[in-house]
Structures are given as C-alpha cells and as structure tokens.
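The block underneath contains the structure these notes are about, expressed in structure tokens.
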Amino acid sequence: MKIAGLISFVMILVTAAFAQPLYPDYYDKTCPQALSTIKRVVDDAVQQEKRMGASLLRLHFHDCFVNGCDGSVLLDSTPEFESEKMAAPNRNSARGFEVIDRIKSEVDHACGHPVVSCADILAVAARDSVVALGGPYWDVLLGRRDATSASKSAADADIPAPTLDLSGLINSFQNHGLDVHDLVALSGGHTIGFAQCRLFRDHIYNDSNIDPEFRRELQAICPRNGDDTNLHSLDPTPAFFDTNYYRNVLVQRGLLHSDKALLESPETGGAVAAYSLNLNAFAKDFVISIVKMGNIKPLTGDQGQIRYNCRKVNYG
Ligand code: HEM
Ligand SMILES: *[C@@H]1O[C@H](CO)[C@@H](O)[C@H](O)[C@H]1NC(C)=O
C-alpha cells in the first residue's frame, strides 16, 4: 500500500515534470466529434474562399515557430503582453482568426464543454486545409495545451523573413529542430496561397536570375512605389496542393527571395528539382516534416490551459 502510494506519487511528479507525447486519438473519449467538427468548418470556409486554406496552414506555422505550437499566435493584446498579431511577419498579413473562432465555438458546443485546445485546433485545421486543396492526409498528433501568454518580440525574432538567404533560412529552421530537408519540404507550403507586393518587391526589382517574362508580369502588378498590398499567387495554381511551386522555383519564377534561395546550394536545389517531378515524394516528405513541426515544444500534462476563447487567456 505504502509502496503503491509512493509509486503513484512519483508517477505524478514524473508526468508533471516531463512533456507528454502527443497522439492522434487524444480526444476520442472526451470529444469524439472534435475532428469531424473542425473538418466541417474548414471545408465550409475553404469552399467560400480557397485562399483560406493557405491562410490556416500558415497560421499553424507561425504558431509553432514562436515558443512552440501553443496557440500563442491567436491571443489578442492585453496589458501584460502585446499580441503576436502585431509582429512584422503577421501584421496586415496573418489571417484566418475568425475561422478559428468559429471552429472553437462549434467544437466546444459539440463537446458540451471546452476540452479541445486552440493549438490542436490550428494543427488539425492546417491538415484539413491541405486536404481540402487536394494535398495529402496525415494523422495529426494531439494533446497540445494553450499558452497563457504571447510574445511579439519572439514572433519578430523567430519567424523567418522572406529577405533571408539560404544560410539564414537553414539557421531559422535549425533553431526549431528542423533540418535542411524539412526546410525544402515545408517551403512547399507555398504551393498554395498568395503574397503581397511589399513582400516580393525587392526580389522582383533587385535580384538577378529571374525569368524576364515573370519579372515583367510581376512589375506590372507591383510598382516600385505604392500598391503595397496587391496580391500575386505564390505559384500558378494557388488553390491546388501540387508540385507547381517547385517547378516554378526551378525555372526562376519563385515569388519570394526566400523561395529562390532554395537554389543556392546543390543539396537544396537538388531537392527542389526532385520534388518538381514527383508529387508523391513531395507529399510524403511534407507530411513527415509538418508532423515534426507540429511537435515543436508543445505544452502538455498540467502545463498551460484549455482556453475558452482562442483570443483570450482564461482567468480564475
Ligand atoms: C521558409 C521560410 C518561409 C518564409 C520566409 C515565408 C514567407 C512568407 C511570406 C512573406 C508570405 C506572404 C505573406 C503576405 O503577403 O501577407 C508567405 C505566405 C504563405 N506561407 Fe510562407 N514562408 C516560409 C515558410 C512557410 C512554411 C513552412 C509554410 C507552411 C508549411 C508556409 C505557408 C505559407 C502559405 C500557405 C502562405 C500563403 C498565405 C495566404 O495566402 O494567406 N510558409 N510566406
Ligand atoms: C533596390 O536596391 C536599391 C539600391 O540598393 C534600393 O535603393 C531600392 O530601395 C531597392 N528596392 C527597389 C524596389 O528598388
């Protein structure tokens, strides 16, 4: 009896002190409707606007790269901290927050109480978005809990900028436990969605080795001054998860400086060329790398909380 008590006491200490592994059926008992509810709302949102699938995938990335996948990107500013939404990579750029709000309220309603974290909702919404745009399915590992604060300065420091060269991109990914293969595979997220003129302007006016016709086409919609928010797709088929991103990067039609940077080394350029010809290889490696990204420093066990509202920390 005494020994059993001691063992369970030690077990509690151990589970409290160490991160718990995430696993796919985490909500099967506590909210069996969770995954189908998320998928229904994502499918509906993507059907209304294809780009929303891209925006939700990017939100998961921007969450995971700032103190781990903990839903911190979703928090609004408070007197205690400034929202990550105000950081340079997110301000007037990150979108999809209303869809996450809608998922949260529908999931909580379906479960009868809030048991699904905002961080997990983001991870599942990213997967369902990729699937809705024709990409691969994967089992999302679950059990992340939500952060009780956010950091604008960490978001500014830790989300890679499109002005980075290959070494800067490799560094950024390495700081998050991701290697050069993950960098090339995850950059394939740019097979969907759009970017604003202000974020590719320097690239199309100042970089060398850009397809001349592509450069003209982009300069026509993105002048040297003004029209900062004009959009261009990241590849020619922004509503389809396909290999066109890599095919275009390879022929010097990458939209961002950071896309073109993948050609700077034989290793990364070789991977771009291989993915451009092989959707199965890209899809397989993308799944491996995004599961790895989803495992960046999750809060588990008794860490963090399950928010009632993804924009706000629970008090009391
Ligand atoms: C490798 C470093 C990366 C850089 C420098 C980068 C940079 C950018 C920039 C500048 C934009 C345009 C934002 C705007 O115009 O408002 C963008 C869009 C996007 N990024 Fe990335 N990104 C990177 C990696 C990733 C990763 C890993 C993913 C996901 C796996 C991703 C998914 C997306 C998507 C889907 C969009 C389009 C969003 C939309 O249309 O709303 N990016 N990225
Ligand atoms: C290109 O480079 C020049 C010279 O460094 C700089 O003045 C300019 O702002 C850059 N960007 C564009 C869009 O011309």
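In case you wondered, yes, glycine gets a Cβ from its N, Cα and C as well.
Annotation source TrEMBL lists active site, proton acceptor at HIS62. All chains included, 22 other C-beta atoms sit within 10 angstroms of the C-beta of HIS62 (active site, proton acceptor).
What TrEMBL lists as Ca(2+) 1 binding site is ASP63, VAL66, GLY68, ASP70, SER72, GLU84. According to its DSSP assignment, SER72 (Ca(2+) 1 binding site) is helical.
Residues or ranges marked as substrate binding site in TrEMBL: PRO160. Cβ-based neighbour count (10 Å, all protein chains) for PRO160 (substrate binding site) stands at 20.
Long-range Cβ proximity for HIS190 (heme b binding site), meaning a same-chain Cβ under 8 A and a gap of 6 or more residues, is found for LEU234, ASP235, TYR245, LEU255, LEU256, ASP259. Summarising the annotation, TrEMBL assigns heme b binding site to HIS190.
Residues or ranges marked as Ca(2+) 2 binding site in TrEMBL: THR191, ASP235, ASP242. For ASP242 (Ca(2+) 2 binding site), the Cβ neighbour count at a 10 Å cut-off comes to 20, with all displayed protein chains included. In this structure, ASP242 (Ca(2+) 2 binding site) belongs to neither helix nor strand by DSSP; it is coil.
Marked as disulfide bond by TrEMBL: CYS31-CYS111 (among others). In the three-state DSSP assignment, the secondary structure recorded for CYS31 (disulfide bond) is coil.
A sphere of 10 angstroms centred on the C-beta of CYS64 (disulfide bond) encloses 30 other C-beta atoms. Summarising the annotation, TrEMBL assigns disulfide bond to CYS64-CYS69 (among others).
The Cβ neighbour count for CYS310 (disulfide bond), using a 10 Å radius and every protein chain shown, is 22. Taken from TrEMBL, the feature disulfide bond applies to CYS118-CYS310 (among others).
Residues or ranges marked as disulfide bond in TrEMBL: CYS197-CYS222 (among others). Taking the Cβ of CYS197 (disulfide bond) as centre and 10 Å as the limit, one finds 19 other Cβ atoms among all the protein chains shown.
Taken from TrEMBL, the feature domain 'Plant heme peroxidase family profile' applies to 21-314.
Here TrEMBL flags 1-19 as signal peptide.
Applying an 8 A CB threshold to same-chain residues 6+ apart, the list for ARG58 (site 'Transition state stabilizer') reads ALA94, GLY96, GLY189, GLY193. Mapped onto three states, the DSSP output places ARG58 (site 'Transition state stabilizer') in helix. Annotation source TrEMBL lists site 'Transition state stabilizer' at ARG58.
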How many whole Å apart are the CA atoms of HIS62 (active site, proton acceptor) and CYS111 (disulfide bond)?
27
Identify, among the binding-site residues ASP70, GLU84, ASP235, the residue whose Cβ has the fewest other Cβ atoms within 10 Å in this structure.
ASP235
Cβ neighbour count (within 10 Å, all chains shown) around CYS111 (disulfide bond):
17
Between CYS111 (disulfide bond) and CYS69 (disulfide bond), find the distance joining the two CA atoms and give it rounded to the nearest Å.
23
For VAL66 (Ca(2+) 1 binding site), which residues in the same chain are close in space, meaning a Cβ under 8 Å from its Cβ, but six or more apart along the sequence?
SER72, VAL73, GLU84, ALA150, SER151, ALA154, ALA155, ASP158, ILE159
Please list, in sequence order, the residues in the chain of THR191 (Ca(2+) 2 binding site) that are at least six apart in sequence and whose C-beta is under 8 Å away from its C-beta.
GLY135, LEU234, ASP235, THR237, PHE240, PHE241, ASP242, THR243, ASN244, TYR245, TYR246
Among all protein chains shown, how many Cβ atoms are found within 10 Å of the Cβ of SER72 (Ca(2+) 1 binding site), not counting that one?
27
